[in-house]
């Protein structure tokens, strides 16, 4: 029962029920109160009643409500003296997520449902667009009764299961979008970056159990569903499912990605299976059981959860690290430094505590990574960034990192250090030296390695610039975190330690350090060997008769070819390589802009490079004619530019394209000398031939009349009758032989036929009558079959209203006029925005730089060993007998000649392969796609994607468009191409498995992470030198590096027709080759009947200014007088003229000025405004600019190239000369006839 309410005021006195009451009490008169006072009093009483009588009962007993800051309850006075114990220190709360992340988490929590398997979350299913999507690789049941009852369909190609959600849930689902501009998006773990068509997150963000989570944009729409991921350097690439613009699902899976279902990966330890993130001996770790921990890691070397097991072994202690940096440093506490052979210690060969194992210089800007036998950032007792450790004999010693120095031709700058590795910025040199000072002792090691500054881009600068342009490059990351690359470790082999042996009581005594084990080997005279953990006395009397080996199984060492391998079956471990090559952005120099000078069809570049700079050019026509030259000093270069265009690229500047215009210095419409100057600049050879012809005609015309008159004068002076034996001229004789003739008229012909041949007379008479009958029959057939024929033609026209052929040139529109009987013409414009030739490709293999792996050799003292086959690429193994190795100054074996050494070597991918590799593709016939802008009538459609195959129709609004196929089946790609970085090369590479040493393809694999590695590097093992533990070998240089030096120019620099080569997918864009047939079906709604078309009267077109072959260089004025003010269309009937604007409002009375582009000297085009038409004529001048940065229109016809003025002058010239010739001939004939008649 709930308690009664407690009253906080004193109770009233009890009333006596038997008290006397007057039955007729006197009536009391209430005192007079003003109305306002009475109202106030009533209000006061009502408030008092509410506060006293309407008290709420106490709340029932139950859990208190959650509050951020609960109010303290009142306590009695005695309780104030006793202070409660201080509350436990609460952990610092994580910062609240941002607004976008909160919205993302809210939407995800409402629309995403976990998939349960064995009581734990294995993945997620999300509801998008009225459907539920569940990853196919995620097993389990959706944690929702309604969704779990849905029957899902499988789409294995997308790794998804999907089904329609119930009707009650369709209004509460997420919406998807195909718009994915580059930038950042949201998901459960924060921001996701989308760049280069890939979703990436920082490494370590997301993982197992996140499959099925959605990626949202700022509006809460789903852009992708996560399926898995793969680590790529410092970031993780996500495998996702997205949607394209047509709403079709698209799967994007990077190479090597793994599904992110929360499937527990198991590891093994001595026949015990356990989760890799929970070793069976938890909370034991490396500090407590070092040997067992190393053994556990070695047995799970090939497990895909090796990183989890390593992390659990290193972080198993409860002590919290200060920062994540120290956490990754603690991985190398499993290893120790060592002493190894160095070829040059400053004086000679020696066993050095800082021997150089490897030098890598594959990054740009002169950064190298050095691996040594010393360790950096570690002390003997823990992690310390300011110290380095090395082996001082048999003990480990630490000194300050300031004592370390690195140099090539000059001292290097130390960038970072970690584990066995140093990252340094070095000047160019042929050798690398690493050393340190330990008090008075100085240790150095020098190896031969060429260090050079590798510039980025097309300019050979020698120092990093202060400013410039950012270009992709390769760099070594400075992070020490897990980057996905490993260095191989193993437990060290046995090394003789003579300090463990001593003479005690004339016997050899073996002293064992505390907590260690020693293996001994004695020969006095019988051979005795064993392992002891306490002091042991042998029967030998001389220290030389025994060898003692300290068993060091608590630390790993690098699996070096300069260290002997341990006896028996030795397992391997691995640690992360700290500084790995990654893709980055580097600042490259930008050469000074060239000084450009334009002349007629000539481009002059004045170049002033600061350092050697590459200049490349190519023609944009069918013959690319590429050039490539390095400019080292200021110079001037000239290039011929044609109407097809020229592209030049100077240094790291973007490529520029220029086109020649039909410019000239003269005037094609001026005086003859101006016409000659104009055509001489434009067509020099043709002009010279024409001038020579005209001069020859003039000379002949002048010489012939003079000779004729001289001959006539001679004939007139010497008549025929006075000359003896005179002969008649041949011309007069021929004229005399001609018989005069006379033609009869029609009546005489008919009279002759009637009298001589009446049959032929009637035949001639009936011919006109037969022709009249045939014409009448044709007209009758037209009346009978004409309507049906027109209907058929109308149906055909409705199916494809307009067909034409347009040039395959981007940016130059095709314009036409579509006419229909009874309708106003409709303007049609089709412009190519982008074209792509996309071939089908097949990846044969990838190739990259290899790395030779040399394991520790097996040294068998006083015995023999043998090689075994191992599945490694280009694996080489050889046993050498009669070796006598020394180890750190002492003999390693008893025997002199009976010892054997087994040397091994093989090839593997270098660490740079993940970012620096080439892909070999076989190319087959592909497809052609285009993006077009279409305008018909008042309808405009932008960026429509169509297939240029002549078969696939594209829906453009209510119109249907079919484009293609191309008139020329051409492609810039050969049958084999190589993709390297962002460039594509036509290269005839060898087939898979047939690579040759030292050439392209000496290292091959299907993907960058696959195990099908093929190598042919001519690897040969050499006999080791006496007294040194090492594995010498010879090998051919990397064929990939050789190909990079000799690869030549990429397709972007040599492809004809101005093609631009792009990737993802491989394609050639905007190739101006051939022509494209088009066919478009225009709907009836786009046509306007003539009765509804506005009319315009009094049209007159006047060209006020015109420059041909220029970008809308013509200006014309059109006086108009429309019936009513409307917006009308202007329609051109010619193709060589283009209007800048096709629609404009026309006023009641006034004029309209429009711009047009033409390639003719004398433009004469018909312009139609509504139903009225007018012809525009005029003269155009040549353009003043010789070179422009846009493609200009050029005419190729002879009649259009020669102006009317030039034709007029030519006619006058030829016409005057002909007149003189004709007059001379007539005079000659007259004189000859007169003389002839006088003679006879």
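The backbone N, Cα and C atoms fix where each Cβ goes, glycine too.
Each of residue 471 and residue 704 belongs to a differently named topological domain in Swiss-Prot, hence to opposite sides of the membrane.
Per Swiss-Prot, the range carrying the annotation motif 'Supraphysiological nuclear export signal' out of 35-42, 43-50, 51-58, 107-114 is 43-50. Of the recorded residues, residue 706 (S-palmitoyl cysteine) and residue 933 (N-linked glycosylation site) place their C-alpha atoms 69 Å from one another.
With respect to Cβ neighbours within 10 Å, the recorded positions 109, 271, 638, 834 differ, and 271 shows the lowest count.
Here residue 271 (N-linked glycosylation site) is positioned 69 angstrom away from residue 933 (N-linked glycosylation site), judged by their C-alpha atoms.
In terms of C-alpha distance, the listed recorded positions 109, 271, 638 place 638 closest to residue 834 (N-linked glycosylation site). Model confidence over the region 'Host transcription inhibition' (36-69) is summarised by a mean pLDDT of 57. Each of the recorded positions 706, 933 was scored by the number of other CB atoms within 10 A of its CB, and the lowest score belongs to 706. The two recorded residues, residue 638 (N-linked glycosylation site) and residue 109 (phosphoserine), show a Cα separation of 67 Å. Calculated from their C-alpha atoms, the gap between residue 109 (phosphoserine) and residue 271 (N-linked glycosylation site) amounts to 42 Å.
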